[in-house]
Amino acid sequence: MSGAALGLEIVFVFFLALFLLHRYGDFKKQHRLVIIATLLAWYLCFLIVFILPLDVSTTIYNRCRLAVNSSPAESNGSYVTLAPSKQKCFKPWSYIPNGIMPIFWRVVYWTSQFLTWILLPFMQSYARSGGFSITGKIKTALIENAIYYGTYLLIFGAFLIYVAVNPNFNLQWNQLQTIGIAAANTWGLFLLVLLLGYGLVEIPRSHWNGAKRGYLLMKTYFKAAKLMTEKADAEENLEDIMEEVRKVSESIKYNHPLRKCVDTILKKCPAEYQERMGRNMDDYEDFDERQNSYPNEKSLVKLHKQVIYSVQRHRRTQVQWQILLEQAFYLEDVAKNETSATRQFIHTFRSQEPENKIIQYFYTPTVEWYWECLLRPWFYRVLAVVLATFSVIVVWSECTFFSTKPVLSLFAVFIQLAEKTYNYIYIEMACFLTIFFLSICVYSTVFRIRVFNYYYLASHHQTDAYSLLFSGMLFCRLTPPLCLNFLGLTHMDATISHKDDQPTAYTSIMGSMKVLSFIADGFYIYYPMLVVILCIATYF
């Protein structure tokens, strides 16, 4: 079984990332490089979350084996026995052989950092560019990222000069690497605590409110009114942009040098607008450069960018409007069916999509009535209580994980109790549930957050390329500090536990943070306590 668990999780996480990306992205319309880059970023971040519990169980076994090797011992098959105390070190079923995990983490970590700091920002500018050629888009992307890259190079160069002229510093390459990792993790931890504080409160609260039918219906009405305003604004904006395109199309005729650019813009317009513009123009009329003033290529690039944005926004609001209407009708049906004497769920409007026959066979109107009107509210309440309990444990542990004598972090207590009996299944399950809950709180906030109309993850294939790439950047920057925070909560990080034990393979590639003691002993330990203030602010 050595390495089998690692292989299975690698395959499973790939399909999980692919499924989520298919839900938010559009494989048919969006550029393949955007899909591949976003998929790789999501995949690597999800992979870290799923593989880290295996790293923890393997590290605990290796610690036991090192303790055994330092004492007289006997080998017996799949475990090692201490001669004096007869203590057994069972090999976990998911044990990963030595040497594999450090290479694995190094590849995953540095690939994700290359994506988030170099490739994805460049691809964002490239995808948002209105250029008509690959060269033009690359040029635009380089110009937009010049300040972004230049700022980091300036800071790094100033730091190197300071180290070179200061005789008190004698930094080696591995220490410079550790400083770079610490800087990236500090930036990520700053954002991580903000998102975590929101998710710890909002996730249990949203499930509790999900049991309130009246609340859900009123909230849907509110969303519908808000979306109606956004939909009208998107339609008006599209009309204005299409009017500009029409004027440009009529002024630049077939034999104008920029006509190819205009044709490219027209292909991005909705079909009905293309037909309308085609009927209203005489495409074989020669242009007269002396009598008319024509837009230049720079203005066409700007118009092209506006067309792409306005068309995508209009399509997204149209799809969301239909989905929200179906949701409102369904919640109204639930309210009507709650008093039904026949205990059979009756729909006012049937879904236009064909239903699965297997689901239709088992999910009968009677089963649907019992689930929607009777069981689902209670299920959501119980789930909300469980999630709220997890949130309280996380907040308590974030405020107390620096204490080692006594151990106050509940996650560290659970892991240490299981470590005494070498119950690896329990260790892996406890680690997975802990980091999975932390990830849900952080990642769900990334999926919910909206920065005006520039960043917005919309389901049903309505997310634009810029937002997909931005989400990949956020995941790659948030996941490493999230994992370090998890290892600190469970006292698997030597910086927190102050023990001279073998570190996890993930911690070993991060290097010793003691190079920057004010970060290792200060910021990493005390800054997560702010999650309490953020939770209170979110609650109120």
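Each residue, glycine too, has its Cβ placed from N, Cα and C.
In TrEMBL, annotation is done automatically, which means it is predicted and not curated.
Feature annotations, courtesy of TrEMBL:
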COILED    224-251  coiled coil
TRANSMEM  6-21  transmembrane segment
TRANSMEM  33-52  transmembrane segment
TRANSMEM  103-126  transmembrane segment
TRANSMEM  146-165  transmembrane segment
TRANSMEM  177-201  transmembrane segment
TRANSMEM  378-396  transmembrane segment
TRANSMEM  425-446  transmembrane segment
TRANSMEM  466-489  transmembrane segment
TRANSMEM  515-539  transmembrane segment
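Counting residues 6+ beyond its ends, the transmembrane segment (6-21) has Cβ neighbours under 8 Å at 35, 38-39, 42-43, 46-47, 50-51, 54, 94, 96, 100, 104, 468 in the same chain. When each of 177-201, 378-396, 466-489 is checked for Cβ pairs under 8 Å to the transmembrane segment (103-126), 466-489 comes out on top. Long-range contacts of the transmembrane segment (378-396) within the same chain: residues 196, 200-201, 203-205, 207-208, 210-211, 408-411, 437-438, 441, 489, 531-532, 535, each at least 6 residues beyond the stretch ends and with a Cβ under 8 Å from a Cβ of the stretch.
Non-local neighbours of the transmembrane segment (33-52) in the same chain are 6, 9-10, 12-14, 16-18, 20-21, 25, 27, 104, 108-109, 111-112, 115-116, 119-120, 123, 127, 431-432, 435-436, 439, 465, 468-469, 471-473, 475-476, 478-480, 482-483, 486-487, 504, 506; each lies 6+ residues outside the stretch with a CB under 8 Å from one of its CB atoms.
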